[in-house]
Amino acid sequence: MSPSSVLVTIEEPKNFSIVRVSAADSPLLPERQKALSPKQLSWFFLLKAYKALTYISRLVMVSKTTFTSVKKRVTLSNMREDGPRSGGRLYRFIKAFLVISIVALVVEIIAHFEQWNLHLLQPLEVQGLLQWSYMVWLSFRLDYIAPLVTKLSKFCIVLFLIQSLDRLVLCLGCFWIKYKKLKPTVSDEAYDIEDPSSFPMVLVQIPMCNEKEVYAQSISAACQLDWPRDRFLVQVLDDSDDGTLHLLIQDEVSSWRQKGINIIYRHRLIRTGYKAGNLKAAMAFDYVKDCEFVAVFDADFQPNPDFLNQTIPHFQGNPELGLVQARWSFVNKDENLLTRLQNINLCFHFEVEQQVNGVFLNFFGFNGTAGVWRIKALEDSGGWLERTTVEDMDIAVRAHLNGWKFIFLNDVGVLCELPESYEIYKKQQHRWHSGPMQLFRLCLPAILNSKISIWKKTNLIFLFFLLRKLILPFYSFTLFCIILPLTMFIPEAELPLWVICYVPIFMSLLNILPTPKSFPFLVPYLLFENTMSVTKFNAMVSGLFQLGSAYEWVVTKKTGRSSESDLQAFAERESKRPYAEKILRRHSESGLELKTKLQEQATFELALHYSSPSSHLQKHIIEHGVHFYFLLFQGLSFLVVGMDLIGEQIS
């Protein structure tokens, strides 16, 4: 009889009985009682030993690689002279908080093993100074600290829900735009192709400062714009302090001038006002009066040749339109984990925030590049000002207060480069989050006294500035970096599960919707955003209270991935403009296909990596609670980011 888990004995045609066999050693199954032979047992133990050795060797290799990388980056960090040698007040507070937490953790471990409890011990039973101090701490915590932390946590939860509701409304607006297929349109034949004089005069500005890696490709892309050559002028605005670089840029400009391009090179000896001062000085020349529009591109941006054809016609027949903004597309979005996480954030910013605000409000913050301004709108709004480090947002707010409308083109992308180093990214984020608070202090009276509607004033003050620029970094840092760790020592103020798990994951899913291929990076994205809240909160405070670091302007260093950019730019241009003139660039179709296949393979492997242990993690989270695991992985995230292991090390 073959082995089976069920034995059926038929007594009558209509009556039968079922005997369940549950044990493997049942006498009904004698075949199962066979023991393993010594040879089989030896092979079993050898296989287990092989798996253990393989796991240990991999662990040793990973540990060795990590240690070598950390040692290298710490050494390079100590050799760097331009970075700050010591942290600010916030980082000193974090260090003190860390020391106190470690001491408190040691005391809590001792109290756990000694079974000290405020409700079980009587005053006469307390023995020793340490036990007495712990009892005093428990009483003080219960009466004073726990109520304060609870009130603060409830306040932050309310802010968290308000900000989450705002993000949900933005996503619903984006879905409505997709469903209704809402997009800016232009009238057919806005300009007579056979008559170049019917095209408006356009000024193309390329501000740069020590952009040795990308100046050539930026100038090349601007000079190849598909627009009548006598109807656009390229300004190369150089603020570099390297004499050799001056000569290189001048040679590049001269070579394009010899090809018949109207291009001007301008260099400032004194870099006052940073980028705003550079653009302001460039608008003061007499030949600018002949131009009707100005297109601004940072040094790493490479517009498609049809950029002006896709943006300028929107101004035709729309005299109230002041700005047409294109979205950014990134040439190195899959370079490392840092660039992948940045891509998630910026794609949500453009496709959801910018597009929804552009369609329903005709207003959004200018991104400083990849946009076209009507020069009259710039002049009516006071031009470029040097009062903040976010001159792009400044001019956008002032233009909005003067009644100018904005259009965002989600289907027009301009190639650019993401920071690949965490240190460079951190400096960029500090400027992006301190500048809005400077601007809010300066322009609040102008907003209150402006003639725009109450709804637009409310949107500017409460949504654009307070909710998205001040409240977001405040509650992120306070709730997830201060209150949540405190709950480990103050259990009376424990946060509910939906605050630290369900709602953040749902909001992260909404952020990833514009980039569905980034779904495997959901958890790293959530942890990384909580980690970056320290930098963003510090920047927000420095900008709000006008601290010294609020006025720091560090140029975002580029790597100049010209080969990759040429491949992707060629592919995009050929797909969008089959009728256009071929651009002579060296490219490799096989290289582009290989890169695409490698990216798809990496995404598939990451999906397997995250999906395989999901059931195991789910079981442990249900059994032990999510608070511990959240703090564990969040702590590892801080450790990885603090050691600068998330991006490339660029000297």
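Just so it is clear, glycine is given a Cβ too, placed from its N, Cα and C backbone atoms.
Confidence across the domain 'Glycosyltransferase 2-like' (294-500), taken as the mean pLDDT and rounded to a whole number, stands at 94. According to TrEMBL, the feature domain 'Glycosyltransferase 2-like' maps to 294-500.
The transmembrane segment annotation in TrEMBL covers 93-113 (among others).
As annotated by TrEMBL, transmembrane segment applies to 157-177 (among others).
Taken from TrEMBL, the feature transmembrane segment covers 460-489 (among others). Proximity of distant same-chain residues to the transmembrane segment (460-489), defined by a Cβ-Cβ separation under 8 Å and at least 6 residues beyond the stretch ends, is recorded for 101, 104-105, 108, 141, 149, 152-153, 156-157, 159-160, 162-163, 166, 365, 397, 400, 433, 436-437, 439-440, 444, 447, 495, 499-500, 529-530, 533-534, 536-537, 539-540, 544, 627, 630-631, 634.
Sequence annotations record features per position, and here TrEMBL assigns transmembrane segment to 495-513 (among others). Beyond the ends of the transmembrane segment (495-513), by six or more residues, the same chain brings 153, 157, 160-161, 164, 167-168, 171, 344-345, 348, 479-480, 483-484, 487, 519, 521-522, 525-526, 529, 626-627, 630 to within a C-beta distance below 8 angstroms of the stretch.
The transmembrane segment annotation in TrEMBL covers 626-646 (among others).
Remote same-chain residues near the transmembrane segment (157-177) are listed as 183, 351-353, 355-356, 359-360, 463, 467-468, 471-472, 474-475, 479, 495, 499, 503, 507, 510-511, 513 (criterion: CB distance under 8 Å, separation of at least six residues from the stretch ends).
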